[in-house]
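Asker: If you scroll down you'll find the structure; I have some questions about it.
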Ligand code: LP5
Ligand code: MN
């Protein structure tokens, strides 16, 4: 049976076609799968699980929660990891979907292959402003204080953060916003040379060959979801990259 690994869907009410294509893919392809791994930035922004109770802002998420929970009830294993947009996804959302939240990074052992999964933002160590923001917002005390604010205030803070991030990205070099080679080597060493490091975040889909301390390894990067999506399938023949055309009923094509 096949497992699927995806990242950076950035689901939002502003892009209903992506959500529709994702739901269709879940109900067709993923319904027959062993597992689905979502490596972060599932949502464009997530300001707290209580958004699900809000009649105005919660409605867009309900079909996603309902479809995931149906898949989970069918026996498809669902795993989610936080990204820099949805690090506030909590146990309540996960339980409503039948999803297990994974620590970042998480090691996936598949046959004789070891695949290290991560969102990827923690590897962008040259992006000093972002890493300062990340340290702040991943602090449990900061999160507790933030989540204590009314939903409307949290949405306004998230809008401000998005504006600031857009401005900062416009003047930041592409190289600084990419993963740092030493950070990549460090995590590969720490996890004792997995065969593949698989991440999203940078939206630069590619397969990079690496050679760390005499060990051959690959870094696979998933892209974000717009008219197409790069996803990975994993079965007994190994990991494969595929492109989904989201503009028509889902067909899978190998790269
Ligand atoms: O997300 P992306 O790919 O566009 O850019 C990221 C980095 N930016 C971020 C910030 C997020 O986009 C903001 C939205 C998160 C919402 C979460 C929920 C609520 C939290 C509310 C927080 C107040 O992750 C960007 C990287 C880029 O990836 C590439 O790696 O460069 O980082 C930056 O742009 C650095 C900036 O300095 C980020 C600063 C955010 C500013 C926060 C100020 C908040 C103001 C609120 C008023 C008190
Ligand atoms: Mn990201």
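Glycine too: its Cβ is placed from the backbone N, Cα and C atoms.
Feature table excerpt (TrEMBL):
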DOMAIN    1-205  domain 'Calcineurin-like phosphoesterase'
BINDING   8, 10, 41, 203  Mn(2+) 1 binding site
BINDING   41, 84, 119, 201  Mn(2+) 2 binding site
BINDING   84, 85, 127, 165, 169, 172, 201  substrate binding site
Asker: Any idea what the Cα distance is from residue 127 (substrate binding site) over to residue 201 (Mn(2+) 2 binding site), rounded to a whole Å?
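Answerer: A Cα-Cα distance of 13 Å.
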Asker: Can you tell me the CA-to-CA distance separating residue 165 (substrate binding site) and residue 84 (Mn(2+) 2 binding site), as a whole number of Å?
Answerer: 11
Asker: May I ask for the distance between residue 169 (substrate binding site) and residue 10 (Mn(2+) 1 binding site), taken between their Cα atoms and rounded to an integer number of Å?
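Answerer: About 17 Å separate the Cα atoms of these two residues.
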Asker: Excluding 41, 84, 119, 201 themselves, which residues in that chain have a Cβ inside 8 Å of the centre of the Cβ atoms defining the Mn(2+) 2 site?
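Answerer: Neighbours found: 7, 8, 39, 40, 82, 83, 85, 120, 121, 200.
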Asker: Suppose we draw a 10 Å sphere around the Cβ of residue 84 (Mn(2+) 2 binding site). How many other Cβ atoms does it contain, all chains included?
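Answerer: Taking all protein chains shown, residue 84 (Mn(2+) 2 binding site) has 19 Cβ neighbours within 10 Å.
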Asker: Can you give the mean pLDDT for the domain 'Calcineurin-like phosphoesterase' (1-205), rounded to a whole number?
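Answerer: That stretch averages a pLDDT of 97.
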Asker: Measuring Cα to Cα, how far is residue 10 (Mn(2+) 1 binding site) from residue 201 (Mn(2+) 2 binding site) in Å?
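Answerer: Approximately 11 Å lies between the Cα of residue 10 (Mn(2+) 1 binding site) and that of residue 201 (Mn(2+) 2 binding site).
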Asker: I'd like to know which of the binding-site residues listed (8, 41, 127) lie near ligand 1, counting only a CB under 6 Å away.
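Answerer: Only 127 qualify.
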Asker: Looking only at Cβ atoms, how many others are within 10 Å of the one on residue 85 (substrate binding site)?
Answerer: 24
Asker: Taking ligand 2 as the reference and 6 angstroms as the Cβ limit (strictly under), which binding-site residues among 10, 41, 84, 169, 201 are close?
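Answerer: Cβ under 6 Å from ligand 2: 41, 84, 201.
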Asker: So among the binding-site residues 10, 201, who's got the most Cβ atoms within 10 Å?
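Answerer: When each Cβ's neighbours within 10 Å are tallied, 201 tops the list.
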Asker: Identify which of the binding-site residues 119, 169, 203 has its Cβ surrounded by the largest number of other Cβ atoms within 10 Å, counting every protein chain shown.
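Answerer: Result for the most crowded candidate: 119.
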Asker: Could you tally the C-beta atoms, other than its own, that fall within 10 angstroms of the C-beta of residue 165 (substrate binding site)?
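Answerer: Looking across every protein chain shown, the total is 16.
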Asker: Distance between residue 172 (substrate binding site) and residue 41 (Mn(2+) 1 binding site) at the Cα atoms, whole Å?
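Answerer: Computed Cα spacing between residue 172 (substrate binding site) and residue 41 (Mn(2+) 1 binding site) is 21 Å.
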